[in-house]
Every structure is written in C-alpha cells, then in structure tokens.
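Q: Annotations per Swiss-Prot:
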TOPO_DOM  1-27  topological domain 'Extracellular'
TOPO_DOM  49-68  topological domain 'Cytoplasmic'
TOPO_DOM  90-109  topological domain 'Extracellular'
TOPO_DOM  131-151  topological domain 'Cytoplasmic'
TOPO_DOM  173-216  topological domain 'Extracellular'
TOPO_DOM  238-268  topological domain 'Cytoplasmic'
TOPO_DOM  290-304  topological domain 'Extracellular'
TOPO_DOM  326-403  topological domain 'Cytoplasmic'
TRANSMEM  28-48  transmembrane segment
TRANSMEM  69-89  transmembrane segment
TRANSMEM  110-130  transmembrane segment
TRANSMEM  152-172  transmembrane segment
TRANSMEM  217-237  transmembrane segment
TRANSMEM  269-289  transmembrane segment
TRANSMEM  305-325  transmembrane segment
Amino acid sequence: MSQCTVEYNVSEITEYVLSTLGERCQSAGIVIPTVIIYGTIFLLGLFGNICTCIVIAANKSMHNPTNYYLFSLAVSDIIALILGLPMEFYQSLDYSYPYRFSEGICKARAFLIEFTSYASIMIICCFSFERWLAICHPLRSKIFSTLWRANVLIILAWTISFVCALPIAFIVQINKLPLPEDAKYQPWTNKVSTDGIFVLHTEFCAMNQSRPDQQKMIIIFAFTVFFVIPAIAIVIMYAHIAVQLESSEIDLKGDKMVKKRRNKSNRTVLKMLLSVVITFFICWLPFHIQRLLSVYTTWSETTTISPPVQFLSMIVFYISGFCYYSNSAANPILYNILSQKYRSAFCRTILGDHIANFVFKGHQRPGQSKRCSSSTEAEQRTLMTRGSVRVDKPHRKLEVHNY
C-alpha cells in the first residue's frame with residue numbers, strides 16, 4: 001500500500017481522518033507548480049538579499065541609517081527563506097502526515113519564522129519613521145538619524161520581536177488527531193489507536209489543538225500589533241511626508257535649485273521605500289487572512305466546515321504562501337528597478353567595474369551615463385537615501401495552524 005494512501009482497518013476511521021486532515025499527498029497538479037514557484041522565489045530571494053547585504057557592507061558611502069535598516073531587512077528575508085522554503089519543498093514532495101521530525105524542530109521553525117516576520121515589520125516602521133523625521137522634522141533628524149541610533153533601534157526591534165514571538169515556541173507542538181468519542185470503546189479501537197485516545201499515524205506540527213483560545217489570542221495579537229497598527233502608523237507618516245513635499249514645492253525660498261534637487265532626491269528615495277512598504281502589506285495581507293480563517297473556521301461548536309469555506313480556505317492558503325515568500329524576494333528587485341544609484345553600486349560591487357561597463361555598454365543612449373559606471377563620491381553619498389506563519393496543509397478540510 002502506498003504511503004500516500006489513507007486506509008485503516010475500520011472504514012469509519014478512514015473517512016474521519018480524510019475528512020479532517022485530507023489526503024496524505026498532494027496531486028502532481030499542485031506539487032509541480034508549487035515546486036517551480038517556490039524554487040524561483042528561493043533562488044532569486046537568496047541571491048538578491050545576499051547581494052544587497054554585500055553591496056551595502058562593501059560601499060562605505062552607503063553606511064547611513066536607511067541602508068542599515070535595509071541591510072537588517074535583507075537579513076530577515078534570508079532567514080525566512082532558509083528556514084521556511086526548504087520545509088515547504090519537503091512537505092510538497094513528501095506526505096503531509098505523520099510529521100517526520102522532532103518536536104524541537106517543530107517548535108524552532110515555528111518560532112524563527114514568527115520572529116523574523118515581526119522583525120521585518122518593525123524594521124519597515126523604523127525606516128519609515130526615519131524618513132518622516134528627516135523630511136518633516138529635519139532639525140530633530142540631525143540628532144536622531146545617526147548610525148549609532150539606527151543600530152540601537154535595529155537591536156531593539158530584533159529584541160522586541162524575539163520576546164513577542166516566544167509564546168509560539170510554547171504553544172506549538174506535535175499534535176495527533178483524537179479518536180471520536182463513539183470510537184473509544186469499540187472492539188476494534190486497538191486497531192486504529194495504541195492508547196485509545198489518538199488515531200495512529202496522524203501526527204502534525206501545529207499550535208496545541210487543545211488550547212484554541214490561546215491560539216486565537218496569538219494570531220489576533222500578531223495581526224493587530226504587527227500588521228494593523230504599523231499599517232495605520234505608516235500611512236499617516238507617508239501622508240504627512242507627501243503634504244510636506246508638496247508644500248515645499250509651492251514655497252521655495254532661498255536657493256531654489258538646491259531645494260528642487262533635495263526634493264527630487266527625497267522623492268526618489270521615498271518612491272523606493274514606499275514601494276517596499278506597499279509590497280510588504282500586499283504580500284502579508286493574504287497571510288493574515290489565512291491565519292484568521294484557520295482559527296475561526298476550525299474552532300466552532302462543530303468541526304463540520306461548509307464546502308465554500310473549505311474551497312476559500314484552500315485558495316487563500318496557496319495565495320498566502322506564494323505572497324508570503326515572494327515578499328522576501330521582492331525587495332532587491334525593487335531596489336534595482338527604482339534606484340539607479342543602487343544599480344550602479346550593485347553592478348560595480350558584484351560584477352566589477354570592467355565587466356559591468358562592458359555588459360551595459362551597448363545599452364546606453366547617446367548622452368546617457370552608464371548605469372553601472374563608477375559614480376562620484378558625492379553621488380554615492382546619497383545612494384538610496386539622503387543624509388508569521390501559515391497553516392501547512394492546504395488540502396485538509398480542518399484547517400489547523402501548522403508549521
């Protein structure tokens with residue numbers, strides 16, 4: 001009998017396991033696209049974020065607060081990709097249950113993914129605040145926006161994220177599917193269970209299924225504190241920045257050319273950072289929707305879930321997975337698309353001056369400077385700036401929060 005086949009000596013138990021946990025193995029129609037998409041995300045994300053760290057570290061002209069935040073964000077993305085995607089690959093190719101690994105691995109993976117997701121949003125809040133301060137309160141910015149303060153905020157962000165993610169390590173465990181009440185005292189019970197409590201071969205890594213209230217509390221806390229509140233704060237800050245830049249265009253005093261250049265530089269940087277923020281929230285919204293769906297469709301008076309809700313949960317599962325990991329690969333692409341100065345530093349650092357100039361030589365229009373040619377120190381000084389966990393088994397009818 002294939003390992004993918006769910007079959008017990010008692011047909012009622014077979015139906016119960018299938019209706020609750022779903023099939024053990026995913027179909028080829030799901031596995032192949034999933035592996036291709038995740039493989040592409042993994043390679044692009046890992047390469048792009050490692051290059052981002054190298055570019056920022058290797059160019060002293062990029063050692064400024066905003067780039068320190070972007071470096072930290074790249075580190076968070078690298079951790080998420082390395083810890084998350086290999087397990088996604090494995091679970092796509094292997095059977096979904098029983099869980100093969102130890103409870104320590106189960107807890108560690110869940111904690112680290114939650115930890116890095118919290119760190120990402122806190123870093124995004126930090127560089128949004130830094131830009132808001134620099135444009136709307138420039139005098140205060142000169143005191144606040146220093147490398148030392150940026151390092152302190154980054155350490156603080158990671159520390160807070162670590163502490164807030166700790167509950168995950170305590171509530172996540174290897175669960176087993178409990179026997180139905182009417183099956184606990186049957187003559188055939190010992191054929192499907194060794195302890196008379198749980199069904200054989202149904203282990204899965206997830207939050208403790210006997211503590212639904214705590215599961216809800218953690219997911220709602222993460223959604224509120226690390227998604228809704230940051231989103232509101234960031235919208236307010238960028239709205240204030242937009243108003244400030246618009247008013248500065250109208251009321252240009254002193255050296256108009258200097259102020260125009262400064263505003264243009266600010267707008268370029270803001271365009272890139274705002275793209276990072278928007279991408280983050282677009283990619284993470286399905287993730288949080290899926291987590292909320294998982295707890296509010298699972299923990300009701302009955303475990304029966306209507307077919308439309310099952311279908312919606314499955315669709316949101318796939319969308320949330322692809323979006324969640326796509327966000328980790330998107331930032332380096334945005335930097336290259338939206339920042340010519342980053343492209344220049346990227347090409348010079350990764351490819352070298354001679355190779356970069358040769359590669360891009362044929363792509364220059366008359367009078368246009370080479371995109372990867374060496375920039376002056378003054379140009380580089382302004383480079384790029386002036387101055388949580390899904391349910392693992394999509395096909396289950398009972399959507400539990402898995403890792």
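The count begins at 1 with the first shown residue.
Backbone N, Cα and C define each Cβ position, glycine as well.
Show me how these features fit into the structure around them.
A: The DSSP breakdown of the topological domain 'Cytoplasmic' (49-68) into helical (H, G, I), extended (E, B) and coil residues amounts to 17 helix, 0 strand, 3 coil.
Broken down with DSSP, the topological domain 'Extracellular' (173-216) shows 12 helix, 9 strand, 23 coil.
Across the topological domain 'Cytoplasmic' (238-268), the prediction's mean pLDDT works out to 64.
Only residues 6 or more beyond the boundaries of the transmembrane segment (28-48), in the same chain, are considered here, and those with a CB under 8 A from a CB of the stretch are 77-78, 81-82, 85, 88-89, 92-93, 318, 322, 325-326, 328-329, 331-333, 395.
Residues of the same chain lying 6 or more positions beyond the ends of the transmembrane segment (69-89) and with a Cβ under 8 Å from any Cβ of it are 34-35, 38-39, 41-42, 45-46, 49-50, 52-53, 56-57, 109, 112-113, 116-117, 119-120, 123-124, 126-127, 130, 150, 154, 157-158, 276, 321, 324-325, 327-329, 331-332, 335, 384.
Same-chain residues lying 6+ beyond the ends of the transmembrane segment (152-172) with a Cβ under 8 Å from its Cβ atoms: 68-69, 72, 106-108, 110-111, 114-116, 118-119, 122-123, 126, 205-208, 211, 214-215, 218, 221, 225-226, 388-389, 403.
For the transmembrane segment (217-237), the list of distant contacts is 114, 117-118, 121-122, 124-125, 128-129, 131-132, 164, 167-168, 171, 207, 277, 281, 284-285, 288, 291-292, 294-295, 388, 401: same-chain residues at least six beyond its ends, Cβ to Cβ under 8 Å.
Beyond the ends of the transmembrane segment (269-289), by six or more residues, the same chain brings 66, 73, 117, 120-121, 124, 127-128, 131, 135, 222-223, 227, 231, 234, 238, 241, 245, 316, 319-320, 323-324, 326-327, 330-331, 334-335, 338-339, 384-386, 388, 390 to within a C-beta distance below 8 angstroms of the stretch.
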Q: So how many of the residues in the topological domain 'Extracellular' (90-109) end up helix, strand or coil by DSSP?
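A: Split by secondary structure, the topological domain 'Extracellular' (90-109) comes out as 11 helix, 0 strand, 9 coil.
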